[in-house]
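Participant: Here it is, the structure, as structure tokens.
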Amino acid sequence: MNAQANGPVLVINAGSSSLKYQLLVPGTGEVWAKGIVERIGETPEQGEAVADHGAAIQVMRRQIADAGIVLEDAGIVAVGHRVVHGGPDFSDPVLIDDAVVAAIEDLVPLAPLHNPGAIAGIRAARTRFADVPHVAVFDTAFFATLPTAARTYAIPRELAERHRIRRYGFHGTSHRYVSRAAADFLGRDVGSLNQIVLHLGNGASISAIRGGVAVDTSMGLTPLEGLVMGTRSGDVDPGLHLFFHYQLGMSVEQIDTTLNKLSGMKGLCGENDFRQIEARMDAGDEHAALAFDVYIHRLKHYVGSYLAVLGSVDVISFTAGVGENTVPVRAAALAGLEGLGIAVDAERNAVRSKEARVISTDDSPTTVLVVPTNEELDIARQAAALIA
Ligand code: AMP
């Protein structure tokens, strides 16, 4: 690695109304500054308005200056941008030029909620930091390796091809980072391990990874497919959309809001924060208990399915807000699987820590881990590696 590549990377995760950032050193993981600029484009009741992403970049600069760092003097080696949807063509990080911005724009129909914010963030940051290379890291990229059978929907083939309809998968940066961190933690070569990663946050997904290569994942064309999430339904009968429309007269917008924002744990028990759900279960709340059971039932379906996809599994890792913190979810998701070679140790599972750790028993053939995810670090590393 050359000297330049040891400098910090500015990681930007821009959505339509927020911009999260971290200034960190990819080699050491040291974080120099991090924060979030919110309510972009909204008119605030009090305080200063952030008109657009250009203004958000200015607010970010000021926040970082308040932490004692002048961005222009910090020796930034790259700006890494998280982009949710890379479509069929982006399977690796890319150096951003005008053609790449146009290509990300061309993918807006596939990610109408996510890609426009990323594009606005990229445009504003390229204007402000014109002398630094900008790198796009795609949330779908890690799943570019899904076998054709795993990524294809059984719908008319020509329709799918014409409109790029297939399973893409999301949270790829996290699944990639955690699968590699798990191998490092165990002192094993990632290429020698069959892994299942459970990324359980407010959004949630699970992946099957053979020798470091993703072979299946639960999210599809959009991040709505798969597991029960904080506010998203995950898998439902596709006929449910028709029922909503034909029988209940719901509009497309209402169906969208219902399945993306009002479903999942929130829809089942009115609450999507697992700390509250745990407290309510302890207090005997039956809606919270049912929501938990539905969540776990779906998880088990996928764990069993990915065991079958992989044939055997060496490592199962839990990550993200729920996966790293919610002890009963980890216990219940893998309960009763001793016959399949998976045994969680109750005492180890109950330990609270910010570090990677083993929670399986010593004689469990499959090692079960908790591995804190770090998407910003992975984006910074990928950006630094690309420009090195
Ligand atoms: P994430 O999307 O990865 O940030 O995960 C957020 C979710 O993690 C929250 O909605 C909570 O349900 C869950 N969670 C449970 N325990 C904790 C905790 N101690 N700290 C943060 N998040 C938690």
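Note that Cβ sites are derived from N, Cα and C of the backbone, with glycine treated the same way.
Quick paste from TrEMBL:
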ACT_SITE  Asp139  active site, proton donor/acceptor
BINDING   Asn13, Glu375  Mg(2+) binding site
BINDING   Lys20, His199, Leu200, Gly201, Asn202, Gly203, Asp273, Phe274, Arg275, Gly321, Val322, Gly323, Glu324, Asn325  ATP binding site
BINDING   Arg82  substrate binding site
SITE      His171  site 'Transition state stabilizer'
SITE      Arg232  site 'Transition state stabilizer'
Participant: For Val322 (ATP binding site), list the number of other Cβ atoms lying within 10 Å of its Cβ atom.
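Facilitator: Cβ-Cβ neighbours of Val322 (ATP binding site) within 10 Å number 25.
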Participant: Lys20 (ATP binding site): which of the recorded positions Asn13, Asp139, His171, Arg232, Glu375 have a C-alpha within 10 angstroms of it?
Facilitator: Asn13
Participant: Tell me, if you would, which residue among Lys20, Arg82, His171, Arg232, Arg275 (recorded positions) has the fewest other CB atoms within 10 Å in the structure shown?
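Facilitator: Least crowded of the recorded positions Lys20, Arg82, His171, Arg232, Arg275, by Cβ count within 10 Å, is Arg275.
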Participant: Among the binding-site residues Asn13, Asn202, whose Cβ has the fewest other Cβ atoms within 10 Å?
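Facilitator: Per-residue Cβ counts within 10 Å for the binding-site residues Asn13, Asn202 bottom out at Asn202.
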Participant: Quick one: which of the binding-site residues (Asn13, Asn202, Arg275) have their CB closer than 6 Å to ligand 1?
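Facilitator: Within range of ligand 1: Asn202, Arg275.
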Participant: Within 10 Å of each Cβ, count the other Cβ atoms and name the one among the binding-site residues Glu324, Glu375 with the highest count.
Facilitator: Glu375
Participant: Using all protein chains in view, find how many other C-beta atoms are within 10 Å of the C-beta of Leu200 (ATP binding site).
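Facilitator: Cβ-Cβ neighbours of Leu200 (ATP binding site) within 10 Å number 28.
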Participant: CA-CA, which of the recorded positions Arg82, His171, Arg232 lies nearest Leu200 (ATP binding site)?
Facilitator: His171
Participant: Quick one: among the recorded positions Asp139, Asp273, which has the most Cβ atoms sitting within 10 Å of its own Cβ?
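Facilitator: Of the recorded positions Asp139, Asp273, the highest Cβ count within 10 Å belongs to Asp139.
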Participant: In whole Å, could you give the widest CA to CA gap in the ATP site formed by Lys20, His199, Leu200, Gly201, Asn202, Gly203, Asp273, Phe274, Arg275, Gly321, Val322, Gly323, Glu324, Asn325?
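Facilitator: 24 Å is the greatest Cα spacing among the residues binding ATP.
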Participant: What subset of the recorded positions Arg82, His171, Asn202, Asp273, Arg275 lies within 10 angstroms of the residue listed as 'active site, proton donor/acceptor' at the C-alpha level?
Facilitator: Arg82, His171
Participant: Roughly how many Å separate the Cα of Asn13 (Mg(2+) binding site) from that of Arg82 (substrate binding site), to the nearest whole number?
Facilitator: 5
Participant: Quick one: of the recorded positions Arg82, His171, Arg232, Glu375, which has its CA closest to the CA of Arg275 (ATP binding site)?
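Facilitator: Nearest candidate: Arg232.
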Participant: Express the distance between the Cα positions of His171 (site 'Transition state stabilizer') and Asp273 (ATP binding site) as a whole number of Å.
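Facilitator: That comes out at 19 Å between the alpha carbons.
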Participant: List the Cα distance (Å, whole number) between Val322 (ATP binding site) and Arg232 (site 'Transition state stabilizer').
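Facilitator: Rounded to the nearest whole number, the Cα-Cα distance is 15 Å.
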